[in-house]
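These come from TrEMBL:
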DOMAIN    52-302  domain 'Nucleoside phosphorylase'
BINDING   Arg92, Arg136, Ile137, Gly138, Thr139  phosphate binding site
BINDING   Gln215, Arg217  substrate binding site
Amino acid sequence: SALTLPASYLGQVNGRVLVKNPHLDLMEEDVLYHLDLGTKTHNLPAMFGDIKFVCVGGSPNRMRAFAQFMQRELGLAGAGEDVADICAGSDRYAMYRAGPVLSISHGMGIPSISIMLHELIKLLHHAKCRDVTIIRIGTSGGLGIEAGSVVITDTAVDSSFQPRFEQVVLGDVVVRSTELDKDLAEELLACSRDIPDFPTLIGHTMCTYDFYEGQGRLDGALCSFSSEKKLEYLRRAYDAGVRNIEMESTAFAALCGLCGLKAAVVCVALLDRLEGDQIRASHEVLWEYQQRPQRLIAAFIRKRLGLCPTD
C-alpha cells in the first residue's frame, strides 16, 4: 500500500531539519556510507547538533580552504592550523567544520551532489540540528556578465530554461520545483554591498548534465552544432534571465526545498560564455575569483552571528 507522510515530514518543524522518508523510522541503524558516518558508530548530535551553516562546493581542496578561512573569520582557536577531514574514511567527499559552519565537498555534477545531499540531510536530521542555512558556493560560466562576477541564484533552471528538476523514480519521471529562498538571496545581495571590489548580482542559474555539449561548447571531443547555433542558444538563455551556467543547482534546490532547508547558490563566473568556451585566466586570477563567493558567505555568516567586520 502507498505510504502516507505525516505532517512532521514536510519540512522544518520548530527549526529541526527533517526528512521525507518514513522508512528511516523503521531502521535500527542508518549508515551514511559515502560520508563514513552512521547513527550507531558516531554520536551525531554531539558531533553536529550545533551546526547552523552548511557550505558545499565541488572541490575538496576548496572546501578545506574555506573551513580554514572561516576559522580565521570567526576568530576560532586553532585558526591558521590544518583542519581535520571528518570523512577521512571515505574517498568520495571531504567534510570540515569551523565552529557552527560545516564545509563539505560534493564533487562534480548532479549525481555526485545528489548522493552527498541525501546523506547530509539525514545527518542534519539525526544530529537534531535546528535553523540550518545551506549554501552552495562554486564556480560557473557567466552569461553576458564580466569574468569574476558573483551570481546569487534566484531560480535554478534546466537546459530548457524551466524551473524544474526531473528525477526518474521507479521508471517514472518525477518533476520537482527548483525555487530557492528569495529572502536569503536578498540578504546575501545586501551583504555584497559591503564588498565593493567585485560585482554581485541576482539571476537565474542554468544547470546542465554536461560541461561540453550540454553547455553549448565548441571545444569538446564531440560537437554537432555550429558556432551560430551555440550563440543563438546562449542568447536565448540570457533573454530567459540566465546569468550563469553550472552543473548542480537544480538538484540542490529541489532536495533542499523538499526538506525545508533555507538554501542559496552563490557562484563566481570564470568567463563570459558569449565571448568564448575555454577558461584562459591564470591560476592566480582564478584563485582570487574562487575566493569571492567565500568572502561574501563569510560576511553573511559573521553578520548572522553578530560579529563585527574583519579588516
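Yeah, the Cβs are placed from backbone N, Cα and C, and that goes for glycine too.
Curation does not apply to TrEMBL; its annotations are automatic.
Positions of the features from TrEMBL, shown on the structure.
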| residue | record | Cβ contacts under 8 Å, 6 or more apart |
| --- | --- | --- |
| Arg92 | phosphate binding site | His34, Leu35, Gly107, Ile115, Met116 |
| Arg136 | phosphate binding site | Cys55, Val56, Gly57, His106, Ile113, Glu248, Ser249, Phe252, Ala263, Ala264, Val265, Val266, Cys267 |
| Ile137 | phosphate binding site | Cys55, Val56, Gly57, Phe66, Val266, Cys267, Pro293, Gln294, Ile297 |
| Gly138 | phosphate binding site | Gly57, Gly58, Glu246, Glu248, Val265, Val266, Cys267, Val268, Pro293 |
| Thr139 | phosphate binding site | Gly58, Glu246, Cys267, Val268, Ala269, Leu270, Tyr289, Gln290 |
| Gln215 | substrate binding site | Gly141, Thr208, Ile245, Arg273 |
| Arg217 | substrate binding site | Phe211, Cys223, Lys230, Asp277 |
Across the whole of the domain 'Nucleoside phosphorylase' (52-302), what does the mean pLDDT come to? Round it, please.
-> 96
